[in-house]
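Here the structure comes first, spelled out in structure tokens, and everything after it is commentary.
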């Protein structure tokens, strides 16, 4: 009910309460604070003058004492005393004391008159005991019109209008209060039509004259049904009855005209009000905002501020809500400043509206300050803050504040849980979302609403868990809403589920056939699936039904003026400048690796035209204009009425990096905060699919060398399951450790953008304890190629626990080679007859590992066959997942065309054989153009004596000749052959420019070096046992992971002084080595190997340009020999015996990153360190917060 009606009713109740009231005593101070009054009461009681003593107590509002004293009075007091007592009981809603007074009246033999009975009825009605009120009414020997009015009003106030109407119809006579009670009762019960009928009947009664309260209620009824005809009739009656001088009534009429859409008439009435109170001002301002006449609403608020009337919390809430609707933070800030100057209640709903305004405008810091300023925020403030963090891409904070809400004792409602579930949806936290969903009923005792089900279905749909989604929908206790089916359709669009999409579309066509989004989304799903006939029929159906697509528009504010853009808009005064600037940005974006998502343009036009169409989307125009119109470095805010497309999302990331601007885009779904090439949504909203896996790690028995031995299995497989993914896929792996010791897996070469929390090494993660699980979640952001995963703990890698991770390019990006006819994965590993536990014991005892016993391909030593068809070309992905031995790979009588090395496309040189060092991966194309038979596939060890070989077979389809004869011979032992081959592997700059470059630029040769690190490996003895060192330090793992210690400022775990950046002479010792590097530093790292064995180094979190190799000791003159043009970018680097290797790396990925030997015995015994890439800003734009499921160990305790 609005303020005007509330005020009118309050006045009416006060008048009714004073009807036929007795003369009141003048007020005095409280009894217990006035010794004179105590003496008076005592003196009156001693004189048995109890009635007068009770009157004194009543004057002091001491009800309980007065009722107690009433019980001592043997004779009934006069009627005035009973009236005083009953009046106080009514005011206090003191039902028990009122009943005691009533019992005393009965017991004393006092015969109450009409006035006392009326007061008793009113007291019972106000206290909610209508049964007692009716009993008094029925027992009255005589009733006046007030008696009837009390019962009518009592029933009406309680919402029992049917009972009120029965009493009303039985009334022998009625007055204006009788009619007013009925009209008002119908208004309160949301029956405005009945209220107006009652008002019409009243006009026909000659002896019933409408008063201002009756008319106000009738006007409110007309406003409720927006019936301008009835409203004007009542207005005419007001004038004829001479009631048009009442200010309250003017406010009601103004409100009515506003609700009926006649804003100008409402304003004319407002201008006629001589003495405008805050209710009148607020009502008129609110009407402007409700009619979307924003400028006039804000102008009138400005007039209010300049008047002598001070706004109240209703006024502030209305204006702030308008700022929220318009996302005009600038005006909202001004209102906030004014509220602060004049003073406002931080616990009012105006404060809650302030929180909501800041969250909807994307200013979470200000929203948080408002909430922090409240000693006890209300539920609306908590919910707004939680929802704001969810919408702004900070789900961890959203869930943190939900925990704080619970700790504060505030009980969440169903809207709070909508915000919580939305946070899980935006973060892709499926399991967490399911947990919260079930807690609504199990823990908080509430019922699920359709909004809760919609959030859950949205979460499952985005994650591609369609079977679970179907189960949820089938078990819903209510009919699915259009929003739920729209979420299903959106998930189907992301994951290409055409069948379920058709079912969702059928439901949506049934619910709202006029919604263009359903037609457009369904047409796009058909087009993406190549179902062009269905796509054409859908667009034809859309045209036949007359449905048109809602045009996308974006807007931004510059110098308090709003600028609106639509796709292809040419009307803006700065159109030519905007287009020219977008052209400049497009060139720079392509240099950085931007690829237009032309697949989103479904028209039958050339790719160049499709790209041109994408450039002029409305949010790109708005962003370009805002950048051109604001000072350098200023943040930019843009708002859009629809969801941003994938291409705009990708483009604005690049624009934020190139222009060094923070760009905030609020689309119809959420806020996207772009900064330095990253988005706060972590690209979850960019519709990149999720792949879900559950892996159980166990011991098992296999016989790779013909003799049973213990191995480590993942889901019963040796090697583990292969992950087949696409660039930008999100990977979620729930890993269950059923071993008898702690376990972790690391993702070799996956960059883990901004989240070293998922790296799976002991410096960043607590290990997964036996019989426990942990879920990895990461995105294969902008990566392609052949990768692997393997166990990072202990020597587990020697017993298996490794597998393939193949990342294919998206269909929108063309490959620099013909599409192969097949794809084969080969995981080559050295193998020992000893178990990983025995190998570990040997190392712990201080002994080096012996040579391996054999090589395996995909877990077997012989007999593996790969079949292909003559004349076709096949892709071979070859990875060395061993623990210490370089290999050479070759295929008998076939040449291999190298196309990719660890995520970098290479110039396609042909090779007879290829060296692949420990931890490295290569991808080659092999054309089957030899005669039809079987051919050897050979892997042999490099730089070992003796040389170990393993083989498989390449079988031509139709071959009748099994492989036979001697194995093809590999290269010589000499390292110069391998080094010479390595120098021929060059980056394919043209191909790699088609995707984002992790280094920020392919012009790495022109970037100044910020720092040089020279790392020398060595084998040495410490305390009589073999250890391996880097710059004389043999690394030891602390109990607390370095990343947790760094994040939570836990001292004593590591320092930055342990290791120097160049080798020095002196004894080796233990240490926890961490280099501290500034984010975006460009670093030169020299790996110096003065030993006679080959080394293999790896760095997590990045790719580096391998610019040079050389024999002997490195010095600065060696830089002249660097390849500064097209060196390949990779994550694992070989260092030849008595040689050096140089890499250049841009450390643009914030986190704690492992730099280690890939030769696992050396890593186990200390040849590793960590690089801390850091800046002072704790921001999700540069680094993700600890995951909600993070494991804690050592000194790190889970935060509350």
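Cβ from N, Cα, C; glycine included.
TrEMBL annotations: computationally assigned, not manually curated.
The repeat 'PPR' feature in TrEMBL is assigned to 78-112 (among others). Residues 17, 21-22, 25, 51, 54-55, 58, 61, 63-64, 66-67, 70-71, 119-120, 122-124, 126-129, 132, 136 of the same chain lie 6+ residues outside the repeat 'PPR' (78-112) yet bring a C-beta within less than 8 angstroms of a C-beta in it.
Long-range contacts of the repeat 'PPR' (113-143) within the same chain: residues 17, 20, 22, 79, 82-83, 86-87, 89-90, 93-95, 98-99, 102, 105, 150-151, 153-155, 157-158, 160, each at least 6 residues beyond the stretch ends and with a Cβ under 8 Å from a Cβ of the stretch. Residues or ranges marked as repeat 'PPR' in TrEMBL: 113-143 (among others).
Remote same-chain partners of the repeat 'PPR' (144-178), defined as residues 6 or more beyond its termini with a Cβ less than 8 Å from a stretch Cβ, comprise 16, 19-20, 114, 117-118, 121-122, 124-126, 128, 130, 133-134, 137, 184-186, 188-189, 191, 194, 205, 207-211, 213-214. As annotated by TrEMBL, repeat 'PPR' applies to 144-178 (among others).
Counting only same-chain residues 6+ beyond the ends of the repeat 'PPR' (246-276), those with a CB under 8 A from a CB of the stretch are 2, 4-5, 7-8, 11, 212, 215-216, 219-220, 222-224, 226-228, 231, 235, 238, 283-284, 286-288, 290-291, 293, 307, 309. Summarising the annotation, TrEMBL assigns repeat 'PPR' to 246-276 (among others).
Look at TrEMBL and you will find 277-311 (among others) tagged as repeat 'PPR'. For the repeat 'PPR' (277-311), same-chain residues at least 6 beyond its ends with a Cβ under 8 Å from one of its own Cβ atoms are 2-4, 7, 247, 250-251, 254-255, 258-259, 261, 263, 266-267, 270, 318-319, 321-322, 325-326, 331, 338, 342.
Residue counts for the repeat 'PPR' (378-412) by DSSP state, with H, G and I taken as helix and E and B as strand, are 26 helix, 0 strand, 9 coil. Sequence annotations record features per position, and here TrEMBL assigns repeat 'PPR' to 378-412 (among others).
Annotated repeat 'PPR' per TrEMBL: 515-549 (among others), in sequence order. Remote same-chain partners of the repeat 'PPR' (515-549), defined as residues 6 or more beyond its termini with a Cβ less than 8 Å from a stretch Cβ, comprise 482, 486, 489-490, 492-493, 496, 498, 501-502, 505, 508-509, 599, 602.
Sequence annotations record features per position, and here TrEMBL assigns domain 'DYW' to 593-684.
Confidence in the domain 'Plastocyanin-like' (697-810), given as mean pLDDT, stands at 94. What TrEMBL lists as domain 'Plastocyanin-like' is 697-810 (among others).
The domain 'Plastocyanin-like' annotation in TrEMBL covers 823-956 (among others).
Positions annotated as domain 'Plastocyanin-like' by TrEMBL: 1040-1178 (among others).
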With the cut-off at Cβ under 8 Å and a gap of six or more residues from its ends, the chain residues touching the repeat 'PPR' (378-412) are 347, 349, 351-352, 355-356, 358-360, 362, 364, 367-368, 370-371, 418-420, 422-424, 426-427, 429, 432, 444, 670-673, 679-682, 1180, 1185-1188, 1200
Summed over the repeat 'PPR' (277-311), the DSSP helix, strand and coil counts are 26 helix, 0 strand, 9 coil
Summed over the repeat 'PPR' (246-276), the DSSP helix, strand and coil counts are 23 helix, 0 strand, 8 coil
DSSP assigns the residues of the domain 'Plastocyanin-like' (823-956) as 9 helix, 69 strand, 56 coil
